[in-house]
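Working notes, beginning with the structure itself.
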Amino acid sequence: MKFFVLVAIAFALLACVAQAQPVSDVDPIPEDHVLVHEDAHQEVLQHSRQKRATCDLLSKWNWNHTACAGHCIAKGFKGGYCNDKAVCVCRN
């Protein structure tokens, strides 16, 4: 029994040592790659802000109003509710 425990510990130590090998500092992306030459700072033309996530996603379990109120309280408002268009409306 002690032999099996010793072998198991030795195997675990060997696995830890094998996984702790240093990672090479060589960049695997070649210089002529398409993404390397693209401009890194491209302007975003239009943002898409989805305000219906809390009301739409949780409406199946009837938690939509609770989640909306919690979301509004976390933002610093007094509470909130989901209107008929499934948009969270926060109260002042």
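Yeah, the Cβs are placed from backbone N, Cα and C, and that goes for glycine too.
As annotated by Swiss-Prot, disulfide bond applies to CYS55-CYS82 (among others). Secondary structure at CYS55 (disulfide bond), as computed by DSSP, is helix. A simple way to gauge crowding: the CB of CYS55 (disulfide bond) has 23 other CB atoms within 10 angstroms, across all the protein chains here.
In the three-state DSSP reading, CYS88 (disulfide bond) counts as strand. Under the heading disulfide bond, Swiss-Prot lists CYS68-CYS88 (among others).
Swiss-Prot lists CYS72-CYS90 (among others) with the feature disulfide bond, giving sequence analysis as the kind of evidence. Taking Cβ-Cβ distances under 8 Å and a sequence gap of 6 or more within the same chain, the neighbours of CYS90 (disulfide bond) are HIS71, CYS72, LYS75, PHE77, GLY79, GLY80.
Annotation source Swiss-Prot lists signal peptide at 1-20.
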Task: Compile a sequence-ordered list of residues in the same chain as CYS68 (disulfide bond), six or more apart from it, whose Cβ lies below 8 A from its Cβ; state 'none' when nothing qualifies.
output: THR54, CYS55, GLY80, TYR81, CYS82, CYS88, VAL89
